[in-house]
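Record features, source Swiss-Prot:
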{"type": "BINDING", "residues": "Ser94, Asn110, Val111, Arg112, Gly260, Gly261, Arg262", "note": "substrate binding site"}
{"type": "BINDING", "residues": "His98, His108, His147, His177", "note": "divalent metal cation binding site"}
{"type": "ACT_SITE", "residues": "His108", "note": "active site, proton donor"}
{"type": "SITE", "residues": "His177", "note": "site 'Important for dimerization'"}
{"type": "REGION", "residues": "242-277", "note": "region 'Important for dimerization'"}
Amino acid sequence: MNSPDIALIKTYLLTLQDNICAALAQADGHAEFTEECWVREEGGGGRSRVLVNGAVFEQAGVNFSHVSGAMLPASATAHRPELAGRSFQALGVSLVIHPLNPYLPTSHANVRFFIAEKPGEDAVWWFGGGFDLTPYYGFEEDAIHWHQVAHSLCQPFGEQIYPRYKKWCDDYFYIKHRQEARGIGGLFFDDLNSPDFMTCFNFTQAVGDGFLAAYMPIVARRKALGWGDRERQFQLYRRGRYVEFNLVWDRGTLFGLQTGGRTESILMSLPPLVRWEYNYQPEADSAEAALYRDFLPVKDWLAIKGETH
């Protein structure tokens, strides 16, 4: 089967949104998700869910969208000029979780499908997605676990998949104007349409389903750790990097805004509180300095597992 089944993809994505929201709400134990269904004037719509002011999660947004249009925006055709003049559909689930506790990392995941069509020509389609982790205070155990889950879900699809998509993630979530990584990476893939539709769909499902397996054990391990104002101030400062990346470099944000997407849903990825400080430098040998020294530089976390276990 190589003709895309959009109904199948949509059913999976809606179920994925349900499952992730249920797991996050259960882990929080205090706040619930509120849901807003919206319609896009140019075609399509979505289902946005957000949890705010929880006991564990300061803000967690989990979006489903299925938008369509008669013509692609500049952000989509810049690196694919052959798509100009085609109608399109884009489906996806995208989420960003900003915990309250600074010892809990921010996490992001996204799985999406895109198809561009023109009468008399073959449809052009692909899958994309991934997940990545942004700690404020790093724990080697968590980083290894995150990458172990990523590696394991990739294995059935080939030995080369994890290293390829890990590198793509490291390269993509790099804040060029800061010359530093946004976090410790994970997986990132795009333009996936080979060898056939079902293989690509199965891999995309593995990534989507892998997110909870990667993130929830970290939540369970760290959510009860005590923290104070020092940790909170550092978390708010580092959240600034998240804002900078999303507004300056992220293709998904630009695509959403250029296609007339729902601004509130697109910018739900931004943290509710953030701060900047001119020329901040962490204290030498501090826990804050360790983030820059031990976690943000790109490394092979699974090789570390082999050395320490």
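Just so it is clear, glycine is given a Cβ too, placed from its N, Cα and C backbone atoms.
Just so you know, of the binding-site residues His108, His177, the Cβ with the fewest other Cβ atoms around it within 10 Å is the one at His177. Cβ-based crowding with a 10 Å cutoff singles out Ser94 as the top-ranked of the binding-site residues Ser94, Asn110.
In this structure, the CA atom of His98 (divalent metal cation binding site) is 21 Å away from the CA atom of Arg112 (substrate binding site).
DSSP gives Asn110 (substrate binding site) a strand state. Looking only at the binding-site residues His108, His147, His177, the one with its C-alpha closest to Gly261 (substrate binding site) is His108.
A helical conformation is recorded for His147 (divalent metal cation binding site) in the three-state DSSP classification. Note on the binding-site residues His98, Arg112, His147, Arg262: the fewest other CB atoms within 10 A surround the CB of Arg262. Highest local Cβ density among the binding-site residues Gly260, Gly261 belongs to Gly261, counted as other Cβ atoms within 10 Å over all protein chains shown. Using Cα positions, the member of the binding-site residues His108, His147, His177 nearest to Gly260 (substrate binding site) is identified as His108. Cβ neighbours within 10 Å of Val111 (substrate binding site), excluding its own Cβ and spanning all shown chains: 27. Helix, strand and coil content of the region 'Important for dimerization' (242-277), in residues and according to DSSP, is 22 helix, 0 strand, 14 coil. Summarising model confidence by region, the region 'Important for dimerization' (242-277) averages a pLDDT of 90.
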